[in-house]
């Protein structure tokens with residue numbers, strides 16, 4: 001098995017170098033997605049199935065989609081403003097200074113890391129061994145799977161803050177939407193997604209895949225308490241389903257309505273309520289009442305899945321897009337629905 | 001080396017061979033359409049063989065069912081994506097003026 | 001009650017300044033009444049404290065500011081000398097300023113900073129330890145800057161910039177010195193004790209203490225306008241007359257001199273400073289400033305510039321008095337602190353009157369002014385004679401004591417310096433007096449704003465000038481009176497020289 | 001020699017790979033001019049750090065769920081960071097900025 | 001009740017996301033008052049009973065996350081609550097003309113407060129990382145609110161720099177976990193040894209946190225971000241956000257592994273601080289735009305905070321005590337003064353419409369209160385006597401002397417004079433008589449809030465005994 005690890009490790013490094021060296025952004029993103037998949041494999045080799053699932057779903061999946069969508073927006077933006085030279089020649093001196101700085105930073109970082117990694121080999125085993133501590137307390141945590149226990153019981157405050165981080169990201173996303181989102185412009189958002197009628201084949205596949213995706217998402221959520229799985233991976237799957245629906249022109253959560261806001265904040269809200277309620281009976285913050293840990297964790301995970309799914313989906317939908325340029329807009333009424341504007345390279 | 005082992009290793013090696021052919025096709029063929037052709041056909045077939053090769057070592061019926069569902073899904077997804085890539089390619093390239101696009 | 005009196009004195013002008021800031025420009029009457037009542041209340045409180053000190057009562061407010069260092073306001077005999085001087089002169093300067101700034105814009109802002117400036121002077125005089133002295137010393141810089149740049153012209157802004165460069169530099173030096181002293185000799189050294197706290201600490205190495213002394217004196221010397229650091233004084237003449245009067249006669253310059261007195265008497269102690277041999281260089285520096293200041297004054301043709309250079313030399317008399325190691329010498333120095341204040345205020349008031357009524361700024365325009373403005377010219381003459389040190393005026397007394405002190409301390413050359421500087425004073429004041437009284441009027445006055453009505457000029461301007469002139473003469477004639485500045489100075493120096 | 005052999009148990013090797021990724025990505029982050037390239041470099045650097053964390057924690061006493069939970073949180077935060085950066089970059093480019 | 005300080009901001013943040021525009025503004029001030037009461041109540045509790053620990057979810061330290069509230073934490077909590085209220089009052093009026101931004105300013109404001117309170121209280125390394133990320137995101141969001149090209153570029157640059165910094169910090173956490181097997185700061189402090197991995201971890205974390213505190217060589221992102229943002233935003237960023245990463249750095253260096261750090265490394269940090277003072281002041285002196293001037297002044301003033309390291313590592317306990325007190329006072333005084341300065345500059349720019357320093361001509365009697373609060377905060381920044389800044393400078397000078405490192409003297413004193421140089425540029429212009437622009441009237445509450453903060457900076461000079469005695473109970477250095 002040693003050779004496989006060696007190959008996988010080198011594969012990761014080569015993929016990374018490929019990402020950095022490629023000039024064309026599209027190539028870099030594709031290589032980045034392969035890097036994500038290889039990384040998922042590495043997590044499997046490190047006996048961390050949760051991380052493999054998360055890396056594949058979130059790291060390679062959602063990030064890949066966001067990056068490709070951004071490239072589509074850039075390419076369309078280039079077309080609107082009559083394609084001029086991609087970028088003027090950067091002044092050499094700044095580039096040279098950046099290179100030197102990068103060299104120094106790399107060498108010092110490499111030296112430090114090598115020196116410390118080399119010494120850890122000689123070090124005795126660490127003083128604390130949390131593995132035994134987790135095993136000892138897992139019985140009281142209400143779930144049998146170690147990672148879910150740590151995430152939602154032992155270190156649940158981290159998870160609370162983490163979902164808050166996601167919420168802040170989407171709040172900024174909504175905040176930066178096109179300023180003129182009053183009624184005048186809203187329709188154009190709708191109109192735009194209706195514009196390029198997708199091939200019938202895609203819509204049929206999407207209709208087939210959607211229910212399947214939702215079932216797996218709920219399964220992953222449910223399995224979380226005993227096997228690798230959990231709120232974040234399930235949330236990512238729901239987001240993937242949403243993105244597919246969006247591509248297949250089934251419109252959900254397109255406009256920022258109060259229902260969407262409720263959905264976004266649902267997870268953190270329920271989490272806070274569950275965390276604060278025991279405080280009334282004098283227990284410290286974030287403690288679950290004695291017999292109820294299992295069910296409460298499942299409740300929180302369910303709510304978290306919904307809001308994480310919605311947040312990741314809205315990060316895709318609400319991201320700023322160029323409004324339809326004037327010449328194309330007045331072209332629509334004349335030629336009917338199947339005008340040929342290409343809505344970004346989503347394939 | 002029971003009969004089952006020989007059967008399994010045989011099918012999985014055939015599967016890998018098909019993957020190999022698919023990648024060679026990808027590298028050798030000149031333009032987009034032929035490459036998609038090579039990729040989807042060879043890889044799906046290869047995957048089929050590997051799945052068959054793996055079935056005996058699966059313990060429960062549910063695992064076998066899962067494997068087959070995986071294969072079917074990959075078949076559907078790769079064929080649709082191949083179609084979309086081709087569709088996009090035709091729309092973009094100049095020489096396919098007359099073909100109408102679905 | 002005793003603990004709250006010093007804070008009350010400080011509070012009167014602080015609260016007055018805050019209220020005045022908020023009073024709109026138009027309300028002239030309200031602002032003037034506020035100013036004058038605040039000044040009178042302050043004089044009352046100071047008089048009460050002076051009376052209390054006479055009965056050996058102790059007035060002190062103390063609270064810890066930073067662990068190990070306290071904010072102390074203590075009224076002792078020396079602080080009452082300076083507090084008395086500034087509160088009395090502040091009353092007259094306020095009256096003068098109300099008259100002077102009749103039509104000019106943003107008066108509220110001016111009077112706000114004006115009372116803030118006097119609050120810091122009060123703080124300096126009442127400071128109980130070096131740390132509090134430093135706090136009010138820097139506050140003085142901040143509150144005087146807006147007064148210097150009050151007019152908003154380009155010239156006043158550049159003057160403000162140089163003023164800042166000097167005073168902030170000095171402040172940094174003083175901070176450096178104080179920190180060095182505190183960390184080297186411990187925070188208790190900062191307390192102003194009657195005969196100086198350092199005397200007891202014999203274990204410390206005198207050379208470093210002398211070095212710290214030099215740093216402290218430079219820090220304070222910038223404000224006392226010693227020779228190399230006096231540059232800001234003539235430049236700040238651009239400010240309106242009441243400001244240059246208050247700044248140069250009472251507030252800034254005297255604060256510097258007061259600082260030197262505090263450091264020599266109350267921190268190092270006069271005997272210890274003589275022991276570590278710092279007094280002689282101080283005396284030499286003072287002498288150089290006296291001579292150099294008078295020489296420069298001779299060359300100035302503008303009236304206010306000449307008065308500025310004369311201040312530079314006069315303040316160093318105080319430093320000289322301090323440097324003369326002997327009770328008589330220090331009496332001379334201390335009493336000169338007061339006398340010079342009164343005389344210089346009179347001279348600046350007179351100069352302000354000339355500028356305000358007849359638009360005279362240069363000395364050669366002064367021909368025959370005596371006839372046109374007899375009152376102001378009389379005040380100018382008395383002030384000038386005081387500066388030269390002729391008998392009936394207060395100046396004579398302080399120079400007399402300085403002279404004897406010099407002889408007693410065995411520094412004959414100091415006496416020589418005194419005589420030479422008096423001659424120089426005469427050289428640059430007498431021609432002005434001659435022009436005032438004996439020269440016929442030359443053509444029309446440059447810019448006559450206030451016509452010769454019942455009084456020669458605006459009553460608000462005239463009365464303060466005459467009042468301070470009366471003080472100069474009173475301080476001179478009634479020197480031996482129990483309440484006179486001279487007896488007060490002897491009381492202080494007696495306490496300084498106890499065992 | 002024995003040190004290097006022992007190093008080759010899988011977890012420590014991936015920690016080394018993580019360190020190499022970290023260094024490479026740091027260099028790429030500083031030199032790249034395009035914002036998207038910087039973002040990709042940031043993501044790869046994040047993955048490198050996560051590899052180090054899990055690798056170092058597990059190379060002596062096998063799988064430990066605490067660092068894995070931390071890395072899971074880390075991945076989600078990295079996605080949030082990437083999404084936020086992309087929102088800003090897209091808005092910046094739409095307002096006429098250079099990618 | 002320690003967790004109350006975490007719950008209040010999170011609940012109000014969620015409400016601000018959900019509720020429509022009007023109620024958000026309505027609940028802002030009551031929520032902040034609630035938070036101030038909670039922090040004062042905690043301060044009183046700590047004053048009586050000393051430091052207290054709080055295990056979240058009743059799981060003890062190595063496994064669960066422990067919150068730790070000692071004297072320093074409590075002072076910072078009260079500081080955050082107080083500055084937040086004043087900035088909120090200012091923002092309520094200032095954002096009237098920014099209709100769209102207002103809707104999304106308040107949720108980010110509350111998330112910022114939640115993360116700040118989380119960082120002050122947390123005693124767990126990874127929890128600090130997540131807190132830092134939440135802090136960075138909400139700060140970047142606020143900078144990017146105005147959504148014009150310049151502010152977006154500043155926000156992107158700020159985001160990348162902050163993310164790089166947090167990754168450096170996370171790498172350090174990874175190494176420490178590999179070395180000690182636990183994430184709780186108190187546990188590691190007990191068993192920390194000065195060997196290679198710990199020192200490398202500390203080095204990586206220090207570089208990451210220096211990047212986030214914008215110390216001299218790594219400060220390139222701060223001026224455009226703080227200079228370009230809206231006035232209340234840049235006030236919050238300069239006063240509090242930058243201090244959070246410094247707080248973590250101080251905790252790491254002085255508590256986590258004090259013996260693992262060589263005095264030479266501390267001198268390097270001190271040198272960086274000195275460089276920050278010189279470079280920040282030099283750039284501030286050359287800035288034509290007033291908000292950029294104040295932003296560069298932040299870069300300069302942050303240099304002072306760096307002096308705590310050389311003065312407390314490898315020196316006598318007395319010198320370390322003085323240095324720590326001086327730094328705490330400087331942190332408080334700078335927070336008040338800088339927030340007041342940004343708010344008053346915001347009012348001035350609102351009144352004039354232009355941001356150039358030359359356009360400030362004639363401001364002294366048309367917008368007197370704003371200039372007065374600018375002046376008061378300048379007094380504290382320059383470290384002139386009656387202000388808190390002066391006491392801080394005094395303590396730092398004494399610590400420098402008693403620890404025999406006289407060279408820091410030049411920078412501490414010189415820094416004050418340099419600050420005076422670039423601050424009086426503004427004053428000399430404002431006293432010019434004829435104004436260049438027509439002045440729009442400004443709301444009186446804007447001036448009052450700036451004045452309260454400026455007065456707080458000056459008052460700190462007189463009451464600096466309170467925070468220091470509060471610190472004395474469990475001084476940052478020993479606990």
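Using the three backbone atoms N, Cα and C, a Cβ is placed for every residue, glycine included.
No curator has checked TrEMBL annotations; they are predicted automatically.
Of the given residue ranges A:139-159, A:160-180, TrEMBL assigns the label transmembrane segment to A:160-180. The stretches the transmembrane segment (A:296-317) and the transmembrane segment (A:160-180) meet in space: the count of Cβ pairs below 8 angstroms, excluding pairs fewer than 6 apart in sequence, reaches at least three. Proximity of distant same-chain residues to the transmembrane segment (A:56-76), defined by a Cβ-Cβ separation under 8 Å and at least 6 residues beyond the stretch ends, is recorded for 25-26, 29, 32-33, 36-37, 39-40, 232-233, 236-237, 239-240, 243, 312, 315-316, 319-322, 342-346. Simply put, out of A:96-118, A:160-180, A:201-224, A:230-247, A:160-180 has the most Cβ pairs sitting under 8 Å from the transmembrane segment (A:259-276). Listed as Cβ neighbours of the transmembrane segment (A:160-180) (distance under 8 Å, sequence separation of 6 or more from its ends, same chain) are residues 256, 264-265, 267-268, 271-272, 275, 286, 304, 307-308, 311-312, 314-315, 318-320, 323. Under 8 Å from some Cβ of the transmembrane segment (A:230-247) lie the Cβ atoms of residues 50, 53-54, 57-58, 61-62, 65, 145, 147-148, 151-152, 193, 198, 202, 206, 209-210, 213-214, 216-218, 220-221, 224, 253, 267, 300-301, 304-313, 316-317, 346, all in the same chain and six or more residues away from its ends. Per DSSP, the secondary structure of the domain 'MrpA C-terminal/MbhD' (A:11-71) breaks down as 55 helix, 0 strand, 6 coil.
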